[in-house]
Amino acid sequence: HPTKPCMYCSFGQCVGPHICCGPTGCEMGTAEANMCSEEDEDPIPCQVFGSDCALNNPDNIHGHCVADGICCVDDTCTTHLGCL
């Protein structure tokens, strides 16, 4: 399946419909982060940059390291030692 990079947001990349992450951390639910929901209108799935990490999240455990010490899936983020 073809993929493309996820949209950019003010200080990094869109990680989910309401999450924007960059080197300094993540914003969730802000006006800037909510712009990431535009990604849902594109039928081609996007690929988040960052090494793989696992979240203890029942619906989606396959996350990406999107900032120092932060692992995200499309709807939540958590601190993660594997991302340091």
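Glycine too: its Cβ is placed from the backbone N, Cα and C atoms.
Annotation source Swiss-Prot lists disulfide bond at Cys6-Cys46 (among others). Classification of Cys6 (disulfide bond) by DSSP places it in coil, neither helical nor stranded. Around the Cβ of Cys6 (disulfide bond), the same chain contributes Gln13, Cys14, Val15, Cys36, Glu39, Cys46, Gln47, Val48, Phe49, each under 8 angstroms and 6 or more positions distant in sequence.
The disulfide bond annotation in Swiss-Prot covers Cys9-Cys20 (among others) and is backed by similarity to another entry. If you draw a 10 Å sphere around the CB of Cys9 (disulfide bond), it holds 20 other CB atoms from the protein chains shown.
Residues or ranges marked as disulfide bond in Swiss-Prot: Cys14-Cys36 (among others).
Residues or ranges marked as disulfide bond by Swiss-Prot on the basis of similarity to another entry: Cys21-Cys26 (among others). In the three-state DSSP classification, Cys21 (disulfide bond) falls within a strand. In sequence order, Gly12, Gln13, Val15, Glu27, Val66, Ala67, Ile70, Cys72, Cys77 are the residues near Cys21 (disulfide bond), counting only same-chain partners six or more apart with C-beta under 8 A.
Residues or ranges marked as disulfide bond by Swiss-Prot on the basis of similarity to another entry: Cys53-Cys71 (among others). On its own chain, Cys71 (disulfide bond) has Cys53, Ala54, Leu55, Gly63, His64, Cys65, Cys77, Thr78, Thr79, His80, Gly82, Cys83 as residues at least 6 apart in sequence with a Cβ closer than 8 Å to its own Cβ. The secondary structure of Cys71 (disulfide bond), as reduced to three states from DSSP, is extended strand.
Annotated disulfide bond per Swiss-Prot: Cys65-Cys83 (among others), in sequence order, evidence recorded as similarity to another entry.
Residues or ranges marked as disulfide bond by Swiss-Prot on the basis of similarity to another entry: Cys72-Cys77 (among others). Secondary structure from DSSP puts Cys77 (disulfide bond) in a beta strand.
Taking CA atoms as the reference points, Cys26 (disulfide bond) and Cys20 (disulfide bond) are 6 Å apart. Close to Cys20 (disulfide bond) in the fold, though at least 6 residues off in sequence, lie Cys9, Ser10, Phe11, Gly12, Gln13, Cys14, Cys26, Glu27, Thr30, Glu32, Ala33, Met35, Cys36, each with a CB less than 8 Å from its CB.
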